[in-house]
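> Sharing a structure, written as structure tokens. Questions coming.
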Amino acid sequence: MDIILYNIGLAIFCLIIGYLFGSIPSGVIIGKLFFKQDPRDFGSHNSGGTNASRLWGFKYGFLVYLFDFIKVAIPLWALWAVLTIVPFGTRPLVASANDILLNQTSDFIIQWPVYWLVSLGAVIGHCYPVFAQFKGGKAASVTFSTAIFGSWFVGLVSVLGFFTTLKIKKYISLASIVGSIIAAIGAWLTCIPGFGLIAMYGNTLASGWVFGVVMTLSSTLLIFRHRTNIGRIVKKTERKITWMK
């Protein structure tokens, strides 16, 4: 019973930590700091980097993207380090990626990579931030951050999918959707024995089904948040980029 409670409690803790970091409204902070504006009052009425770029230019949009990426990477890697490196009694609380790969987890209280829930919490917080009236972004930057900082392979294929789609169709929204779907598929591919170790950053974040579930749920939320964009794409009224030929 104690082990079950540890697992449930730590899972909730990781979700909450991720949610609080994800709730930091980068776009709102930058908008009010430099322009005395809330991006949610203009354009597509969200606080994401794309809307920020259209309102204030690439430089400030890039800053929003950068901080949105960081607010996933920092808590994810920090919780990974604390849970898998710092001793909790005689050993760390959570099994390492190598222990999970070799199925040598019986001596650990937490036998699965619970830290991935930090990323899921961050995606939810980004979309529905407690610090900004639950009105946030559309999950693109934080989903791609999970992909890129979680696995070089998943990050690479998702970014390639994003820019290939953007090059062909010129829709940032569609490119984000396609890239996130590719990221989810790529995360599930890390379940393949042997490939997972190659696809990740060495013996750090664990590959496998938890990563796959987190990326799938993140992609699903991203698609849901882009539902109005999908409607405009179907009607051919969605705004296209002009800076890529």
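The backbone N, Cα and C atoms fix where each Cβ goes, glycine too.
Please treat TrEMBL annotations as automatic predictions, because they have not gone through curation.
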> Name the residue range among 206-224, 225-243 that TrEMBL annotates as transmembrane segment.
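Spelled out, TrEMBL records transmembrane segment over residues 206-224, not the other listed ranges.
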> Sort out for me which stretch, of 6-35, 80-102, 114-134, 175-200, 206-224, has the most Cβ pairs below 8 angstroms to the transmembrane segment (140-163).
175-200
> With pairs fewer than 6 apart in sequence excluded, do the transmembrane segment (175-200) and the transmembrane segment (6-35) have three or more C-beta pairs that lie under 8 Å?
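Answer no, regions not in contact.
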> Please report, as numbers and ranges, the same-chain residues at least 6 past the borders of the transmembrane segment (80-102) whose CB is under 8 Å from any CB of it.
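Residues packing against the transmembrane segment (80-102) from afar: 6, 10, 108-115, 196-197, 200, 203-208.
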